[in-house]
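Participant: Pulled the feature table from Swiss-Prot, pasting it below:
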type: TOPO_DOM; residues: 1-37; note: topological domain 'Extracellular'
type: CARBOHYD; residues: N29; note: N-linked glycosylation site
type: TRANSMEM; residues: 38-63; note: transmembrane segment
type: TOPO_DOM; residues: 64-72; note: topological domain 'Cytoplasmic'
type: TRANSMEM; residues: 73-93; note: transmembrane segment
type: TOPO_DOM; residues: 94-118; note: topological domain 'Extracellular'
type: TRANSMEM; residues: 119-140; note: transmembrane segment
type: TOPO_DOM; residues: 141-163; note: topological domain 'Cytoplasmic'
type: TRANSMEM; residues: 164-183; note: transmembrane segment
type: TOPO_DOM; residues: 184-191; note: topological domain 'Extracellular'
type: TRANSMEM; residues: 192-211; note: transmembrane segment
type: TOPO_DOM; residues: 212-240; note: topological domain 'Cytoplasmic'
type: TRANSMEM; residues: 241-266; note: transmembrane segment
type: TOPO_DOM; residues: 267-279; note: topological domain 'Extracellular'
type: TRANSMEM; residues: 280-300; note: transmembrane segment
type: TOPO_DOM; residues: 301-344; note: topological domain 'Cytoplasmic'
type: LIPID; residues: C315; note: S-palmitoyl cysteine
Amino acid sequence: MPMQGAQRKLLGSLNSTPTATSNLGLAANHTGAPCLEVSIPDGLFLSLGLVSLVENVLVVAAIAKNRNLHSSMYCFICCLALSDLLVSGSNMLETAIILLLEAGTLATRASVVQQLHNTIDVLTCSSMLCSLCFLGAIAVDRYISIFYALRYHSIMTLPRAQRAIAAIWVTSVLSSTLFITYYDHAAVLLCLVVFFLAMLVLMAVLYVHMLARACQHAQGIIRLHNRQLPAHKGFGLRGAATLTILLGIFFLCWGPFFLHLTLVVFCPQHLTCNCIFKNFKVFLTLIICNTIIDPLIYAFRSQELRRTLKEVLLCSWWPGCGAEGGGDSVWPGSCVTLRGPLPP
């Protein structure tokens, strides 16, 4: 774990700029030109991480509690919440350890600190890769539910989903170990960037195709009932707005981090790039914000999951409240959200 400050996190050796002393200011680069540098207070960073941690724990607990949510789609959502939980948790852990080291509260050998740094970096990198993979898996699952609706339950069986989940976790951990070990190779960073772009393109293509199918379906209903065309236009605009928000949040939260990695490869010594490198912690904060937003988009829009979540929260205050139901929530219509082209 580097000692230059909380900015050096995942692939920490990529960013050795000192932490800014002001929340928002203009720092001078080597030529004296102004350089915008935003500092994220450690308290804010830890608070956002805590919100993400609690939010995703609730999602995992709700899905684990309700047997009606033990479908392939909710398994992917649960794993997305778990990977987001690890993203926020690992970043919080590293920030807390750095603060303890800088304060002199935690004293240990340099070799132990470096080993701990490498372990946390692997955990952070693997959880980030898993988060991206499960976002793609959710898009694929919903695409199949729309275009292969009659065969959906025979294609996306629970054992197949479990094998896909296991493959994602194992591949992410192994890849992260290699990425952290060979972080100073340009090919490694380019692989990460290409992977992000592939996930972005995959999600965009699938969701746009699903939106087009939904618009065609709505148009068919309108023609069947001889309704006016403006209603169809309104549906298309709402769907396009939802899709724009979905992909826009994904790109805005993850894009800056992978832009940072791209610039490290192509212009590591350029003055403008160095100014961008100074905001590395901002990019990590955006990823933490994405882990907060993901449950709102993919989990909490499900009515049954919200009901189960309420039960989980009530039972945390009044133990034994679910004893009559055997500890499992049973709500009718649990598969309604499996058919929507966009997040439930």
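Glycine too: its Cβ is placed from the backbone N, Cα and C atoms.
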Participant: Please figure out which one of 38-63, 119-140, 164-183, 192-211, 241-266 racks up the most CB pairs under 8 Å against the transmembrane segment (280-300).
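Facilitator: If we count Cβ pairs closer than 8 Å to the transmembrane segment (280-300), 38-63 scores highest.
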Participant: Within the topological domain 'Cytoplasmic' (301-344) only, compute the mean pLDDT.
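Facilitator: Across the residues of the topological domain 'Cytoplasmic' (301-344) the model's pLDDT averages 59 on the 0 to 100 scale.
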Participant: Looking only at DSSP and grouping its letters into three states, which state does the residue listed as 'S-palmitoyl cysteine' belong to?
Facilitator: helix
Participant: If we skip the immediate neighbours and take only residues 6+ beyond the ends of the transmembrane segment (241-266), which ones have a Cβ under 8 Å from one of its Cβ atoms?
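Facilitator: Apart from its flanks, the transmembrane segment (241-266) reaches 11, 14-15, 132, 135, 186, 189-190, 192-193, 196-197, 200, 203-204, 207-208, 211, 273, 276-277, 280, 282-284, 286-287, 289-290, 293, 297, 342-343.
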Participant: Ten-angstrom check, please: count other Cβ atoms within 10 Å of the Cβ of C315 (S-palmitoyl cysteine), all chains counted.
Facilitator: 16
